[in-house]
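Under the heading 5-methyltetrahydropteroyltri-L-glutamate binding site, TrEMBL lists 22, 23, 24, 25, 116, 121, 539, 540, 585, 629. According to TrEMBL, the feature L-methionine binding site maps to 455, 456, 457, 508, 623. Sequence annotations record features per position, and here TrEMBL assigns L-homocysteine binding site to 455, 456, 457, 508, 623. What TrEMBL records for 665, 667, 689, 750 is Zn(2+) 1 binding site. Residues annotated as Zn(2+) binding site in TrEMBL: 665, 667, 689, 750. Annotated active site, proton donor per TrEMBL: 718, in sequence order.
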Ligand SMILES: Nc1nc2c(c(=O)[nH]1)N[C@@H](CNc1ccc(C(=O)N[C@@H](CCC(=O)N[C@@H](CCC(=O)N[C@@H](CCC(=O)O)C(=O)O)C(=O)O)C(=O)O)cc1)CN2
Ligand SMILES: [Zn+2]
């Protein structure tokens, strides 16, 4: 390290930001609704930031990340920092409204595309870079947040998304002025097109250099440059870009010390490259990384750097094994110049604190650590390094006891479930050939060509949420709650009948969330009361905690679906969430392999499909929107994942007879790398997000010989815009070029729960009319 460097010992790479009680979410939504103004919003946001900074300092961190606050998304913030918002929002004079227009669109502007942040359930906005993009530094937000912290006397470390990651996550679009809609060639965004964008480093690295100098002048001792893209497979040319970029940034005069933060996996070859530059520190994820601490010993250049050791899991909720972490840190001291203790990644992905979870039993509580508890673990470990292990012996003993308590808990092993899974042979997850199933199903269902349907949810109105909140508080009893939900179901069924849809749904009003709803009904799962985690923008989820063997206590959906079916002679689809998605959107066990957990969840879902069938339900949809999300970041690990993921889905869906039609639904992703797996699911009908990708997914499916039913989404439900009949007709004709009419279904892109009732009625009306027109012309 350079001699001026002041080092630190305890930090985290980032923190949650929506507010411990979702205060920021509520404030932003109030601003959108026009009930508060910008001044009030800014003041709420500032108070939240300042309280949080003080908490982090008082907890004992001696370097505190700033600039990680966001009104919507940190990648969008980086686009603003670099002056790279799309041309189509440039005309919006107000800065904040321009920002929100880029994030969410408005009456005239399509928003940036949203996609998954690496293998997490957080979504970022994909910056669009055109040949005409002229980058320009806009550091006010970051400098402002730094100044707030400095004024509080806090040792603040500004955080920015790094230049390599920024360009790798951005998408190249044709030319300025054109919206995302017209950019078919680069719709697959980030990954495939990224090579070409790295040649724009020459334009943005000077801005980062300027930023570093300004941060140094404003009093920052350290800056954290996040480069999670470095844990993905990089070509030799890309590694050269890493080298030249950080050589250039390290050469900036008056800069703070530079910490390059990697997370979500191993740096691999990029570690040697980074270590060979003059950056001062590297943050290493010692949880997700499989190379482990020993691989660092072979990097002599680390001996003059600060290694920020991610030994506390930033993405899962288990209490840290402090003895194991200390041993890792001990090994690391042999290869690094200096060691600081940290979380493995930003705490964005975990809830704020266990303190607001009244329903946890003492045992389970003792096994867990949310944000605040993880910060405490970091400081204990840092104290052990600084002052000796004996100074934290009480904390180590508590951790040891909790771990022992967890290991011996009977809830971790259910012999019935394990015996049932052991008894299943490989044939238990195979159905009869698709062609045989098709014959039996079409006799039973008697559907027209191009059947119309929806993906499951209808608008989650405030009426619905108020009823659920009232039930939670005991203000209404179960019978009244059921009555209100049934009345919602009856409305949704009546609406679908009126619109003339062919396959109906019950609308999912009773579900707080498509994963949490099921987790609440499984043994082995704990659903939090306040464990909110940002999913995108102001939308949050409460990932449930899988801690033991999974047992379905009772049928979970049968009464709701059969009620809906009792109201109509048209088929109503049973609606379930698949095992991969249930796990992807949960905090999962770390004491057994994920595929083992997947089989347990799959068995529970399989039992539900069988019960639905026995109650007269003819179609069951098992959603797997997160299939792509869990795909490992490195090519070498992908196939093994896809194998167990497909197997789990098939286990969940092969308990029914040939005449029961299995649907699945996939969304939120680019499907290129998982196309074979989609075919492998062997679902009779697959509805898939396609509206924003111009139906290209259909050609990809054809390329792998897919010959089952498919419903490419014909309009984008992420926008309030009502699609016209004509444009849906155009979509359907495009689909018919790739898929014969016998296999084609007509449906939206995804569920309708975030939409308003009026636009849903109008959109579905147009969808049905379009299907009738195209059908007539077949
Ligand atoms: N787990 C998960 N991950 C996912 C998705 C998903 O559906 N689930 N979809 C994608 C992301 N899309 C998402 C779309 C919508 C929401 C969403 O609407 N979230 C809601 C919360 C949903 C929820 O849990 N609702 C509960 C609790 C609602 C609530 O806040 N109630 C109030 C009281 C009632 C009120 O005033 O509205 C309270 O508790 O304070 C319910 O309905 O019961 C929100 O942020 O507002 C989240 C993610 C990918 N990842
Ligand atoms: Zn979906």
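Using the three backbone atoms N, Cα and C, a Cβ is placed for every residue, glycine included.
Positions of TrEMBL features highlighted on the structure.
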residue	record	Cβ contacts under 8 Å, 6 or more apart
22	5-methyltetrahydropteroyltri-L-glutamate binding site	532, 540
24	5-methyltetrahydropteroyltri-L-glutamate binding site	17, 18, 44, 45, 48, 71, 538
116	5-methyltetrahydropteroyltri-L-glutamate binding site	122, 123, 124, 628, 629, 668, 669
455	L-methionine binding site	505, 623, 665, 687, 747, 748, 749, 750, 751, 752
456	L-methionine binding site	505, 507, 508, 514, 573, 575, 621, 623, 665, 751
457	L-methionine binding site	505, 507, 508, 511, 514, 751, 752, 753
667	Zn(2+) 1 binding site	625, 688, 689, 713, 749, 750
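Counted within 10 Å of its Cβ, the other Cβ atoms near residue 750 (Zn(2+) 1 binding site) come to 26, all protein chains included. Remark: residue 539 (5-methyltetrahydropteroyltri-L-glutamate binding site) has 25, 754 as non-local neighbours, by Cβ distance under 8 Å and separation of at least 6 in sequence.
Shown in sequence order, 455, 625, 666, 668, 687, 688, 713, 749, 751 are the same-chain residues outside 665, 667, 689, 750 whose Cβ sits within 8 Å of the Cβ centre of the Zn(2+) site. Taken in sequence order, the recorded positions 24, 455, 456, 667, 718 that lie near ligand 1, meaning a CB under 6 Å from one of its atoms, form an empty set.
Residue 718 (active site, proton donor) sits 20 Å from residue 585 (5-methyltetrahydropteroyltri-L-glutamate binding site), taking the Cα positions as reference. Pairwise Cα distances among 455, 456, 457, 508, 623, the recorded L-homocysteine-binding residues, top out at 13 Å. Neighbour counts were taken as the number of other C-beta atoms within 10 angstroms of each residue's C-beta; across the recorded positions 665, 718, the minimum falls on 718.
Over all protein chains present, the Cβ of residue 689 (Zn(2+) 1 binding site) has 24 other Cβ atoms lying within 10 Å. Secondary structure from DSSP puts residue 24 (5-methyltetrahydropteroyltri-L-glutamate binding site) in a helix. Same-chain residues with CB within 8 A of the center of the 455, 456, 457, 508, 623 CB atoms, the L-methionine site residues themselves not counted, are 454, 505, 514, 575, 621, 665, 750, 751, 753. DSSP assigns residue 457 (L-methionine binding site) to a strand in the three-state reduction. Candidate binding-site residues: 24, 456, 667. Those with a Cβ under 6 Å from ligand 2, in sequence order, are 667.
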